[in-house]
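Structure, as structure tokens:
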Amino acid sequence: MMPVLPGSPRLRPLSVVLTVSLLSSLSPPCAGKKKLYIGALFPMSGGCTPWTWSTTRTDILPDYELELIHYNSMCDPGEATKLLYDLLYTEPIKIVLMPGCSGVSTIVGEAARMWNLIVLSYGSSSPALSNRQRFPTFFRTHPSATLHNPTRVQLFQKWKWTRIATIQQTTEVFTSTLDDLEQRTKEAGIEISVRQSFLTDPAVAVKNLKRQDARIIVGLFYETEARKVFCEVFKEKLYGKKYVWFLIGWYADNWFKIHDPAINCTVENMTEAVEGHVTTEIVMLNPETIKGVSNLTSQEFLEELMSRLGGKNPEETGGFQEAPLAFDAVWAMALALNKTSERLKAKGRRLEDFNYNNHDITAEIYRALNTSSFEGVSGQVVFDAQGSRMAMTLIEQLQGGTYKKIGYYDSSQKNLSWYIQNSQPYLNNMTAVGCMMALAAVFPLGIDGHHVHRSQFPVVCQFRLWLLGLGFSVAYGSMFTKIWWVHTLFTKKDEKNEKKKPWKLYATAGVLLAVDFLSLMIWQIVDPLHVTIEKFTKEAPKEDLDVLIQPLLEHCSSDKINTWLGVVYGYKGLLLLLGIFLAYETKSVSTEKINDHRAVGMAIYNVAVLCLITAPVTMILSSQQDASFAFAALAVVFSAYITLVVLFVPKMRRLITRGEWQSEQQDTLKTGSSTNNNDEEKSRQLERENRELQKIIQEVSSPQPLASTKSEGVLRHVVCGAHQHTPEAMLVRLPLAKRDTQESALRTGQM
């Protein structure tokens, strides 16, 4: 297996094969076509069997055939230098160079200017390549590693963290990434208080992080070193609720479970140490289902790619992750050459006129690439002023040993959007559907013999019963399921088993709906609703017409209507009362699993009160059709609309004002333990503790007035920090930003 070198986080043979095959398909051999040659230095292991990749774009370079001349650079700059010499001094002339990893791209990019060659890479992430003075003709579809930094800074600001620490492996790519992060944090008013580095053994660096009380820690290292770091993290207990680790997202999903003889920690130790860390990763596959320039959606591309693998595990296939970037790199080059060809025709020149002394054609290709903008399978392909790809960043968190998406950040738009999961959107959708069904039942409630024939009236009766019954089950059942689930989690000490069973939510809602459906079905079969006529006392009209008027009132009824209503009202009444109890019990609970449960509780109060009042009143007013209809209709309308407003308006307001879907009620960041509304009590407790600490510090540091003054400043920071709250992300389970603890206050006083 080829070693992973700086700037090349994964193996790339698959990307190489994909590039070769796509180039062949874009311009298949044909008599009369001119050949254009592409020189490539790819990292390859094993043999490469070219594929035939079909494309329907016959308008791209119709007069040319592209031929790729490629060598195995092994990601070795020394080997790449020798192969580059062979490419440049051996016929035919190459019009574009395509290196793979960062080390090779550095060599090729610096030399290319001497031969007026454009360089386009799909797998180079080193920040050093974003330098137009050193690499004036370099482009890459792989974003720079520094693209993670705007996301990190945005998250620090979002959660109001002003002090962070860093630990890095001593390599060029990570050093330059950290230099960029330091500059960005300084501009944002964030201090990097601790900066540690290591070459091979991270033990001392991790101990220093512990010694200097680091809490928010950014780690920059390769996967093999990550295992070493977190083995030391486990030994130093530098993990848990008080710490947040930010790592790179392109490790394998099970990187901490892989057996590594270089560490002496078990899989259980590693799993415990890495739990809860946050990763940032460049989005390499377009999340939108849009057909791009290749006439493929990202999913269609992925399906085609998987079929070419023949059942091989993608995680074990080198270069699988970068395949969309390689695919789009070829398209970017083909589109740029096509645009250049059209511009050259207008000047009476051709692409095949290119030679290593021809600066004009190089300038045209550069201009075409620099203005590229198309929809690829990896997303929108756009290059910045340094030739680096601009892309979105995916934010994930390890929860229960599995990475969960929590959001995306678009650095070009400075837009941070959270991934909806913990509000359980499908249950919210069920609530909305149930409310609409209940609202639809208002119309048949108002229909009588004036609108339909008496023979058709039983159908209206069934519509009333089914729309109201199922509407209540779907809307209230989904809300009851949420609040019951929160109560279950709150009362259980061990939530680990529950994290893997989200299907229970939907199963519970389904059971409630099935019970109502079966009961209504049995009612309709055994004792169907029919029309009954209630006769009132005959009335004489005001005019003396020698007639009497017999008032009649049509009812939907059955032979044992009271029994059926008793069963239904009793069952639903118990659910309403239980829902009120659960909502009350969980009103002060904070959980990351369902983060809008307080809004659900308010909606349950509303529905329960209106239903418990409306049911007996409508039975009493059954003989007064206008009053009965008005009361029932208004109750249905108010309960449905209030439920929709309470659940969805806060989300819409957040989306409009902040560009996020987030719970209105929860504005504090999840700390890993349940919190409540007793903020004032907590504040008073902190003040009492701080007063006691001040006395201790004054006793210890009385001969040192300067240290005492510094300690008091630290203590004041603790008191003020107790009143700060930070917004909560949908899925994020993180500790609070670093606050000076009792130990840190004491240490400061003793300095």
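Each residue, glycine too, has its Cβ placed from N, Cα and C.
Annotation source TrEMBL lists signal peptide at 1-32.
Annotation source TrEMBL lists domain 'G-protein coupled receptors family 3 profile' at 418-671. As a whole-number mean, the pLDDT of the domain 'G-protein coupled receptors family 3 profile' (418-671) in this prediction is 77.
Residues annotated as transmembrane segment in TrEMBL: 465-485 (among others).
Annotation comment: TrEMBL describes 505-526 (among others) as transmembrane segment.
Feature annotation from TrEMBL assigns transmembrane segment to 561-583 (among others).
Summarising the annotation, TrEMBL assigns transmembrane segment to 603-621 (among others). Listed as Cβ neighbours of the transmembrane segment (603-621) (distance under 8 Å, sequence separation of 6 or more from its ends, same chain) are residues 431, 472, 475-476, 479-480, 483, 565, 569, 572-573, 576-577, 579-580, 582-583, 627-628, 631-632, 635, 638-639, 642-643, 646-647.
If you look up TrEMBL, you'll see 627-649 (among others) marked as transmembrane segment.
Annotation source TrEMBL lists region 'Disordered' at 665-688.
According to TrEMBL, the feature compositional bias 'Polar residues' maps to 665-677.
Sequence annotations record features per position, and here TrEMBL assigns compositional bias 'Basic and acidic residues' to 679-688.
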Spatial neighbours of the transmembrane segment (465-485) far in sequence, C-beta under 8 Å, 6+ residues away: 424, 427-428, 430-431, 433-441, 444, 504-506, 508-509, 512-513, 515-517, 520, 523-524, 529, 556, 568, 572, 575-576, 578-579, 582-583, 586, 593-594, 597, 600-601, 603-604, 607, 611, 636, 640, 643
Positions on the same chain near the transmembrane segment (505-526), where near means CB under 8 A and six or more residues out: 424, 426-427, 430, 462, 465-466, 469-470, 472-474, 477-478, 480-482, 484-485, 558, 564, 567-568, 571, 575
